[in-house]
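Working notes for the structure below.
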C-alpha cells in the first residue's frame, strides 16, 4: 500500500489514531501492539521502550477531557487507511480475548500541522544514567552531554530505545560490574544493550534476535555508535555454540523470558553474571521461585516503576 501524503498550504496532513484504555490495562495494550508489529506509538505513562511519554505539545482533540482517566496510545501516520487497518486488527484481538471496548476506545482524526514530526520528536527525551551513559535520539547534539559514553538510537526502529524502565534497569545494573571479555545480549532488538556492553569494555559482544529486521537495525546502530565489531545473529539461543559468556543480558517479557532461561543459564560461564529484565515487580517472588534449581545464585533485584530486574550468578 502506498502512503498517502497531502500538502495543504505547505502543511503535511497527518492522521492520528487514539486508543484509550484504563491505566491497569496499559501493559496489555503495549503487548498487543508489539505482537501486531506496531512499534511506532506513544503510550501514556508506559513507552514500551519505543516512544517516551505522551507529548503535551501535540494538538489535543476535545474528547481527551472526556477520557481523562484513560491512557492514550497515539499512533501517527500520513496513511489514514493504515490507521483504519490497525483499528480493525485491535478490535479483532479485543473480541478474541473478550476485552471490553466501545465507540470511544478508538478515534481517528486529521492533523494539519507542518511541524507534527518535530512535535513528535519532543516525546523522546535523552536518557541519562549517572555520569556514564547518555541514550540520545539522533537529532540531539552529543557534544552537549557530559556522560562518558553516548549511545545514539533512532526511536521507533526496533525494540530498545532506552526510554522504558526495563532497558534502564539493565543499563544501571550493568554499571555495577566490570565488563567481562564476552557478553551475550538475548533478544537484542535495537542492539542498545550490546552497544552499551561494548562501550563499557567488553571485548566480544554477541546479540541474537529472531526478528530478521532487528539484525539490520542493530548492525546500523552498532555502526553509528562506533561499535561495528559487535556480531548479531538471527538464530535462537539454543543454537549458539559458545557457552562461556561472562555476562548474559535478557530484556524480554517474563513469559518468553522463562522459555529461554534454561538456555541462558546453560550459556553462562562459571561465576558469570545473568541480568534478567522485562519482569513486572509483582512477579518478583514468582520469578525467583521459577529460577530455583537452575544452577544459579540470586544476587539482587532492582525495581523501577512497575518493573524489575533480577541478577544471578552462575554456579
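Using N, Cα and C of the backbone, Cβ positions are placed for all residues, glycine too.
Listed in TrEMBL for this protein:
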{"type": "BINDING", "residues": "167, 187, 209, 251", "note": "S-adenosyl-L-methionine binding site"}
Cβ neighbour count within 10 Å of residue 251 (S-adenosyl-L-methionine binding site): 29
Three-state secondary structure, residue 167 (S-adenosyl-L-methionine binding site) (per DSSP): helix
Binding residues 167, 187, 209, 251 (S-adenosyl-L-methionine) - maximum C-alpha distance in whole Å: 16
Helix, strand or coil at residue 187 (S-adenosyl-L-methionine binding site) [DSSP, three-state]: coil
Cβ neighbours of residue 209 (S-adenosyl-L-methionine binding site) where a neighbour is any other Cβ within 10 Å: 25
Residue 251 (S-adenosyl-L-methionine binding site) - helix vs strand vs coil (DSSP): strand
